[in-house]
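*Asks:* Below you will find the structure I want to go over with you.
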Amino acid sequence: MLPSVLSKSTTSPSPAHLRRLLPASSFHTSAPLRLAPIGGAPSPSPPPAQSHPPCPSPSYNHYATTLRSCVLSRAVRPGRQLHARLLVSGLCLDPALATRLVDLYASCCHVSHARRLFDGMHQKQNVFLWNVLIRAYAWDGPCEAAIETYRAMLAHGGGVEPDNFTYPPVLKACAALLDLAMGREVHQRVARTRWAADVFVCAGLVDMYAKCGCVDEARTVFDGTATRDAVVWNSMIAAYGQNGRPAEALALCRGMAAEGVAPTIATLISAISAAAYAAALPRGKELHGYGWRRGFESQDKLKNSLLDMYAKSGLVRMARVLFEQLMHKDLISWNSMICGYGMHGHADEALALFSKMRSEAQVMPDNITFVGVLSTCNHAGMAKEAKEFFDLMVNVYSIKPIVQHYTCLVDVLGHSGKFKEASDLINGMLVEPDSGIWGALLNGCKIHKNVELAELALQKLIELEPEDAGNYVLLSNIYAQSGKWEEAARVRKLMTNRGLKKMIACSWIELKGKSHGFVVGDASHPRSDEIYEELERLEGLMNQAGYVPDTTPVFHNVEDDEKRNMVRGHSERLAIAFGLISTPPGTMLLVTKNIRVCEDCHVVIKLISQIVQREIIIRDVNRYHHFVNGECSCKDHW
């Protein structure tokens, strides 16, 4: 938030102090004071109250001092009363007092009042006046008005030039609107001024480019900033984290500390979010410890970010510990914990927490809460309960469904083979179905081999995402699963003709601060021989337990022996074997995969967890699987 240039004071006056500053007649009148039309002629003076002697007319300085106090304390009611007295006295037309009134209304979220007063002013040569209005629109909306006011300021002339308090809110508005063209236009203008080196302007540019997805341009601005304080570093760290580049965000956090810039709580929150995205548990733990050593352990904002990080890194129990330590559990806290349980398949805990949120805490759920609840039902295969919660959301809480709610419900209905209900739901949606809706239906068709409906879903997906190869692959797999090899080959040929390539399945595991990635049949790792030896040892033990490879996930018309060899080399198995030979017995393993875990690997990992007595967590593209002692948290529903 930009500081007020009217005063450097940080102390807000008390209501009693304001009453002493305002004349008695501002509080005691025989007729109520009304806010006259801003910019209009002064209204006649109301008759003095008979029970109070007339008050001496206050001086200009008295009004200025009182208005300043109102602005500092965001006291809009006494400010309106003072505005009425200024209209009566005629002083409201004074540019300095009118500017302070604009600041008061804008600071108190009465932007329309501020704008009416602004439009009625004849003298607008004060850059602060323009900045106040631009900032108000950037923070409270509409953001388009912030940009329009900025353009009007440039066109106004008269010696009014944007300064370092103008550009940050304009850039914030550009970021909110994803208006990259306007953002670049502002950047070009900034580059020609002395404000190009201002840390707040540079931070605004970094944030604008990041929000618009131009991370490399954000980095160029960052690298060209001569003096980088914590604000600029935080903006760049957040830029990487928000754009799916967590490794660079974490590296930059280390670089910030190396350059002697003390990380703030905002730094930690951005870096922890990046660690959560990357499932980089060791980095998250380091940041947790650092935050506590810095004395931030009482900050609920930090605990909320750590809660989210631990949930996304597999340690949902640690997330719950932090949740219980919160001084104030707000809606974000409840949503994070409910969604965390849901992602891990802990349906009972998630729904119990939702019930506690509504009854004991009396926190009103929002649309994100119900995304978490419906996602929980989806991951647990609870179609009946999902429909009940959907009705609760609409009929009791009057929450208008968004596409994510529909996606969860279509997914669980498709998983359960309830295609008639899923189709009726899609046809009756209040919003336009997106690729997530049709993808959820297509996935259900794959599970139940519903070729006819799968073809319809694919047609819709091609219209929405013509360049997404995964949609074609899924239909090809459905054909192959049904033994329709010619149709499967036709779809793959169509992919080739359109230049589309299947996403390569990849799994990775982080050990001792280094990430190790694997693809199917990978032999490039330095310890590849040991990895395959460990897999062979485990397969021998699994065979003794009665394991028979399931080759249905191999959608190629080849011999069974070749199919078995292809399944053996799946990337998640290689990552697990590497983790087993690289860590002490009993160590939990966390493996991330970029696509869905196949059916045979799911069976194998359950057996491995029992054989080696380890907890193994797989984070695939859809959810988390906790494998412990031969069982999975998904209860074989995913």
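Residue numbering: from 1, along the chain as shown.
Using N, Cα and C of the backbone, Cβ positions are placed for all residues, glycine too.
Just lifted these from TrEMBL, have a look:
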type: REGION; residues: 36-57; note: region 'Disordered'
type: COMPBIAS; residues: 43-57; note: compositional bias 'Pro residues'
type: REPEAT; residues: 126-160; note: repeat 'PPR'
type: REPEAT; residues: 229-263; note: repeat 'PPR'
type: REPEAT; residues: 330-364; note: repeat 'PPR'
type: REPEAT; residues: 468-502; note: repeat 'PPR'
type: DOMAIN; residues: 546-638; note: domain 'DYW'
*Asks:* Per DSSP, what is the helix/strand/coil residue tally across the repeat 'PPR' (330-364)?
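*Replies:* In the repeat 'PPR' (330-364), the DSSP-based counts are 26 helix, 0 strand, 9 coil.
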*Asks:* Could you tell me how many residues in the domain 'DYW' (546-638) are helical, how many are strand and how many are coil under DSSP?
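*Replies:* Residue counts for the domain 'DYW' (546-638) by secondary structure: 35 helix, 16 strand, 42 coil.
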*Asks:* Could you give me the DSSP helix, strand and coil counts for the repeat 'PPR' (468-502)?
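*Replies:* Going by DSSP assignments, the repeat 'PPR' (468-502) contains 26 helix, 0 strand, 9 coil.
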*Asks:* Would you mind giving the whole-number mean pLDDT across the repeat 'PPR' (126-160)?
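*Replies:* Reported value for the repeat 'PPR' (126-160) is a mean pLDDT of 90.
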